[in-house]
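Report on the structure given below.
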């Protein structure tokens with residue numbers, strides 16, 4: 001009980017006073033800001049206009065969508081008004097009744113805007129139409145029709161592409177809020193639970209991690225966000241996961257693990273961020289998606305394990321209880337990985353009949369000594 005109170009006190013009192021900076025948020029967004037980018041580098045974003053439009057937020061995308069259509073309608077409406085003005089088809093020029101205008105029934109800027117709208121959207125009410133009197137009007141009609149198709153294709157395609165991006169599929173992949181450290185298969189492991197909320201599978205799923213921390217090289221150079229590979233496995237391996245039910249992935253804390261020299265008492269004092277990646281191909285669209293999350297030391301629970309959430313019903317179906325998805329229970333766990341391996345070495349030496357590996361008993365033939 002006192003252990004729970006101490007962990008709650010440290011998390012809610014001291015955790016609020018010193019918020020750790022995260023590179024990746026819990027929902028996978030990258031917390032990074034680019035500064036002092038020159039104008040030439042910013043121009044590259046306009047060269048790759050398709051990716052720039054796709055990456056825009058919805059409010060900016062809809063603003064661009066509405067502005068593109070209204071702007072093109074107004075611009076061509078102004079051009080149609082200029083054509084009528086130059087050809088003196090407007091009522092203020094008092095054209096004769098037997099004169100054929102470039103565009104019938106354009107009486108001002110409002111009617112020119114309506115004709116531009118009807119032309120580009122292909123409404124075609126029939127009251128305003130182009131005659132064969134002006135080659136300029138015919139060319140402008142062709143140009144607006146082609147440009148209207150391009151704008152429609154680009155803007156509608158951008159919205160459809162943003163809706164169908166696999167990024168939205170990644171929202172249905174969830175990770176446990178906390179990672180736990182406990183024994184599994186006689187080894188000390190760091191465990192994380194991940195679940196697929198859809199019945200459609202991720203094909204060729206691969207999971208891995210990166211440990212980010214500040215390190216100092218022997219030459220005295222400080223490397224911020226130094227990355228160390230963290231290998232995660234499940235009981236069937238880490239390639240081509242059968243992601244039909246929630247999985248508990250684990251990282252074995254051995255001599256090659258960066259967690260090997262950490263202990264339960266010093267874990268909260270560490271300064272690192274564990275970023276976990278899950279790559280896979282969406283079964284329904286064949287698009288590749290990536291899911292990310294991160295864990296800081298306060299979110300790693302030493303001496304806990306996840307409670308079971310998969311059970312079998314009377315009808316023979318397997319039921320997943322997501323109410324207990326992130327719940328943990330306390331279990332007996334060594335307070336450091338080094339202690340566990342030292343204990344195993346001590347037991348192995350005891351089985352061989354000696355405690356000190358440098359001291360080995362050897363038999364002496366006493367008959368040879370007496371004969372001498």
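Placement of Cβ uses the backbone N, Cα and C atoms for every residue, glycine included.
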Intramembrane segment per Swiss-Prot sits at which of 109-120, 169-180, 181-192, 193-204?
109-120
Name the residue range among 92-97, 98-103, 122-127 that Swiss-Prot annotates as motif 'Selectivity filter'.
122-127
Per Swiss-Prot record, range annotated intramembrane segment [choices 51-57, 121-127, 128-134, 205-211]:
121-127
Can you dig out which of the ranges 59-83, 234-258 Swiss-Prot describes as transmembrane segment?
59-83
Near the topological domain 'Extracellular' (84-108), which same-chain residues lie under 8 Å Cβ to Cβ, leaving out any that are not at least 6 residues past its ends?
115, 127-131, 133-134, 136-137
Roughly how many Å separate the Cα of residue 211 (ATP binding site) from that of residue 25 (phosphoserine), to the nearest whole number?
14
Work through the recorded positions one by one (25, 98, 205) and point out the residue whose CB has the fewest other CB atoms within 10 angstroms.
98
Confidence summary (mean pLDDT) of the topological domain 'Cytoplasmic' (1-58):
72
